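Visitor: This is the structure I have questions about; it appears just below.
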């Protein structure tokens, strides 16, 4: 029996390094950043949720359910993940940021295979050098653990998953897969990469 997998795209942050611009809606080569992300993951999952804490109406125009953090105060990616885990009945939830337009087109199958091979609770992607703490495939049943962690004042995703049986899946074969946009300069470089 195949596993049902939903996804959440995290677009709930403050984007301080982008001058406060909503990163998911910043245009890259004529399309909103989040549209590139959607195009990459849509064939790999059943449902997509968009986690946004502002500009919800604009995000809804992409045709997917928009959810805002249950925990108020822009508490970071964990808050968005907790909210999404409470909104899905899938076996696994894929978590990705809104500003990674070159995500692997084989992200889900490889991460799922890694989980099953190790009988792990979650998989975290790596670029071959660094783990990508907001590119995860996890079981929604981990929600209570994550909620308790956040409510204890913790914010770091990697500190949370270190407490669980996790596996790292390397995408070193796709070196630009997790290049993201935090500054206008990075956006310019990425635009050139996409047009190659």
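Cβ coordinates are placed from backbone N, Cα and C, and glycine is handled just like the others.
Found this in Swiss-Prot, in case it helps:
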BINDING   10, 11, 12, 23, 51, 69, 99  GTP binding site
BINDING   99  Mg(2+) binding site
Visitor: For the GTP site made of 10, 11, 12, 23, 51, 69, 99, how many Å separate the two farthest Cα atoms?
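Guide: The GTP-binding residues span at most 18 Å between Cα atoms.
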Visitor: Ranking the binding-site residues 11, 69, 99 by other Cβ atoms within 10 Å, which is at the bottom?
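Guide: Looking at the binding-site residues 11, 69, 99, the Cβ with the fewest others within 10 Å is that of 69.
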Visitor: Can you tell me whether DSSP puts residue 51 (GTP binding site) in helix, strand or coil?
Guide: strand
